[in-house]
Amino acid sequence: MAYTRVEIPSAELTRQRDICFDIRSGNERAGRAPLAYVDTYGCQQNEADSEELRGYIELMGFGFTADENEADLIVINTCAVRAHAEMRILGNVGALVHAKAKNPNLLVAVCGCMVQQPHMAEKLKQSFRVVDLVFGPHELWRFPELYKRARDTKKRVFAVEDSDGVVAEGLPVRRSGSVKAWLSIMYGCNNFCTYCIVPYVRGRERSRRFDDVVAEARSLVEAGYKDITLLGQNVNSYGRDLDEGRDFADLIRAINDIPGDFLIRFMTSHPRDATEKLFRTMAECEKCAKHIHLPVQSGSNRILKAMNRHYGREKYLEEVRTARELMPDIVLTTDIIVGFPGETRSDFDETLSLVREVGYDAMFTFIFSPREGTPAAKLPDPVSREEKQVWFDELVELSNSISGEKHAAYAGKTLRVLVDGETGRDGYNLSARTNGGRLVHLKGGAELIGRFINAKITGWNTWALYGEIQED
Ligand code: SAH
Ligand code: SF4
Ligand code: F3S
């Protein structure tokens, strides 16, 4: 697949920052600190993008609010992966007419994956007059310029041209947490799974340079972050588009070498490219969390082929075996699609049997959602929605019972966990994560947030563990 890497020149990014400073001094002259609300849908990649948008918005001199009626700027960062997400987003965008009626100066921007689809950009243009600015993922780096144009011209701005995508280094970031951080290591996807919209809206696969990623990881560790998640649609192909001769396993090792007590997580791993080298590296790197999210999508070879996944059930199970041989306690999670066009009950039974055989700690399950422009959306789909729902419920029940068993096995064990926040509830007021990423509720003081502590597991349910803090 021919793709010429496009890196945004630093002079361009400086120009964007200068626009931010201009806007900021304008706001200061007017003697007011405007407020912004950034709402995010979709995956962690989108969360990471929103942190960059907030970085720009902060430079512009805005404060932040979670109340849309208070906001002078609302940015909705959208997802297109399933119809359900899009319906919710459109409903919420439509409802902004009320906020706009109260504050005619409110500027509404909609960005992200959903608007990168031409039919959706058109829909916003025709039927959602409340929206002032629309820009796709490829334009995020020039948000300040787009915002200023929409604000100053009072004309609607649409920046959604199709593109293979760019790499922009050094955007400002305003991170949402102080314990856990997202770190995008690559963008886009080349896999074109037949059901998936992501490659169409996120462009071609492109990796950030090795040294840039390691430098950002180092600065996160120095800033006190304890849990760093490396993000990409398929992290296992990291580096393939660069001429640096280093792969994802090398990247984990380099980050593992950064001094400090912290955890390295990553997602998502495509089973087609998961190598023994990766598992070995995970096992050898003491800071790498022993968790792998390895989306299988289906247990039927026939369906995997139709999905264009490039692996079969046997190869997948072999990978799971290798991972468990090297890391006996590894936590395994997955994604599964139920009701892919043409899937039969016997294909679905193969999914159930694979799930039983692997025994996932947790699963994310979805009913197939046809995405306009993808090959699977054109396939005959004879199984009714009701039938798919029955299969789906069966799968969820199986998954819950396995998760319950896995959690029960933690009872009485003492684990090293990272306290990452407050639950907002009385009683079990703290939340923590095990090395493998399982949620643990604890009772304790807020000063423990950001610390690794030992916890003895005393209770559990399908979704979480409950524990008591052990004094050292
Ligand atoms: N890059 C990741 C997945 C990103 S999308 C990977 O390859 O694993 C997250 C999950 O959404 C996918 O794993 C898949 O299970 C689900 N998904 C994607 N497209 C879908 C569709 N059209 N209908 C239903 N589920 C879908
Ligand atoms: Fe979508 Fe497949 Fe790419 Fe994941 S690997 S983002 S499922 S096309
Ligand atoms: Fe959604 Fe885009 Fe992520 S489609 S899942 S927000 S890459």
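Every residue, even glycine, has its Cβ placed from backbone N, Cα and C.
Unlike curated entries, TrEMBL annotations are predicted automatically.
Matching CYS20, CYS79 to the [4Fe-4S] cluster 1 binding residues that TrEMBL gives (CYS43, CYS113) identifies CYS79. With a cut-off of 8 Å between CB atoms and residues at least 6 apart in sequence, the same chain places CYS79, VAL81 near CYS43 ([4Fe-4S] cluster 1 binding site), listed in sequence order. All chains included, 22 other C-beta atoms sit within 10 angstroms of the C-beta of CYS79 ([4Fe-4S] cluster 1 binding site). In this structure, CYS196 ([4Fe-4S] cluster 2 binding site) belongs to neither helix nor strand by DSSP; it is coil. With a cut-off of under 6 Å between the Cβ and any atom of ligand 2, the binding-site residues CYS43, CYS79, CYS113 reduce to an empty set. Taking the Cβ of CYS196 ([4Fe-4S] cluster 2 binding site) as reference, residues of its chain lying under 8 Å away and at least six apart in sequence are, in sequence order, VAL81, CYS189, ARG371, THR374.
Reported as a whole number, the C-alpha separation between CYS193 ([4Fe-4S] cluster 2 binding site) and CYS113 ([4Fe-4S] cluster 1 binding site) equals 17 Å. Its own atom aside, the Cβ of CYS113 ([4Fe-4S] cluster 1 binding site) has 27 Cβ atoms within 10 angstroms in the protein chains shown.
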